[in-house]
Amino acid sequence: MRLDQVARSLLLKEFVSGFALAMRYLFKPKATINYPFEMGHRSPRFRGEHALRRYPNGEERCIACKLCEAICPAQAITIEAGPRRNDGTRRTTRYDIDMVKCIYCGMCQEACPVDAIVEGPNFEFSVETREELLYDKQKLLANGDRWEREIARNIAADAPYR
């Protein structure tokens, strides 16, 4: 063994440098969040649980154009449109999303011309069975009603970048 190797092993240089590094970070503020008691900041572009939105008068926004169904890469969206109404518009009779298939890419939200389908701020939607992850129109509208204020705020915050 050479002399410098002996000196390093006797003086425990690696141990001392590692210990000094640990001591330096010991007294700094912690970077972790005490979840679920503390919630971290989420971006306005966060993609969580899907929701169908309504207009302020209570009418659903979806016009049954089926662009979200066509663009979905996972083929997780199924839409059936009702007959045209007297004013020429259509509404959906069935709007299903298979959340097991969904990859949360956000393409459905980007394709929607009326901001009807959005990915909301909720990320805590655990279930006990796979069947509960098959969202129908009523579940999606209920999500939209529950999260509308936060969804509208996120869309407004993201509007300059769209």
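Heads up, the Cβ atoms here are built off N, Cα and C, so glycines get one too.
Features as listed in Swiss-Prot:
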type    : residues                      : note
BINDING : Cys62, Cys65, Cys68, Cys112   : [4Fe-4S] cluster 1 binding site
BINDING : Cys72, Cys102, Cys105, Cys108 : [4Fe-4S] cluster 2 binding site
DOMAIN  : 52-82                         : domain '4Fe-4S ferredoxin-type 1'
DOMAIN  : 93-122                        : domain '4Fe-4S ferredoxin-type 2'
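Counting only the Cα atoms, the space from Cys62 ([4Fe-4S] cluster 1 binding site) to Cys105 ([4Fe-4S] cluster 2 binding site) is about 20 angstrom. Long-range contacts of the domain '4Fe-4S ferredoxin-type 2' (93-122) within the same chain: residues 42, 45-53, 60-63, 65, 67-68, 70-82, 130, 133-137, 140, 143-144, 147, 150-151, 154-155, each at least 6 residues beyond the stretch ends and with a Cβ under 8 Å from a Cβ of the stretch. Within the same chain, residues 89-103, 105, 107-118, 137, 140-141, 143-145, 148, 151 sit at least 6 positions outside the domain '4Fe-4S ferredoxin-type 1' (52-82) and bring their C-beta atoms closer than 8 Å to a C-beta of that stretch. Same-chain neighbours of the [4Fe-4S] cluster 2 site beyond Cys72, Cys102, Cys105, Cys108, judged by a C-beta within 8 angstroms of the site's C-beta center, are, in sequence order, Cys68, Ile71, Pro73, Ala74, Ala76, Ile77, Ile97, Ile103, Tyr104, Gly106, Met107. Note: the [4Fe-4S] cluster 1 site is recorded as Cys62, Cys65, Cys68, Cys112; in the same chain, Ile63, Ala64, Lys66, Leu67, Glu69, Ile79, Cys108, Ala111, Pro113, Val114, Ala116, Ile117 also have Cβ atoms within 8 Å of that site's Cβ centroid. Mean per-residue pLDDT, taken over the domain '4Fe-4S ferredoxin-type 2' (93-122), amounts to 96. Among the listed binding-site residues, namely Cys65, Cys108, Cys112, the Cβ with the most fellow Cβ atoms inside 10 Å is that of Cys108. When the binding-site residues Cys102, Cys105, Cys108 are compared by Cα distance to Cys68 ([4Fe-4S] cluster 1 binding site), the shortest distance belongs to Cys108.
Cys65 ([4Fe-4S] cluster 1 binding site) falls within neither a helix nor a strand when secondary structure is assigned with DSSP, and so counts as coil. With respect to Cβ neighbours within 10 Å, the binding-site residues Cys62, Cys72 differ, and Cys72 shows the lowest count. Cys105 ([4Fe-4S] cluster 2 binding site) counts 14 other C-beta atoms within 10 Å of its own C-beta, drawing on all protein chains shown. Cys112 ([4Fe-4S] cluster 1 binding site) sits 11 Å from Cys72 ([4Fe-4S] cluster 2 binding site), counting Cα to Cα. Distance from the CA of Cys65 ([4Fe-4S] cluster 1 binding site) to the CA of Cys108 ([4Fe-4S] cluster 2 binding site) is 12 Å.
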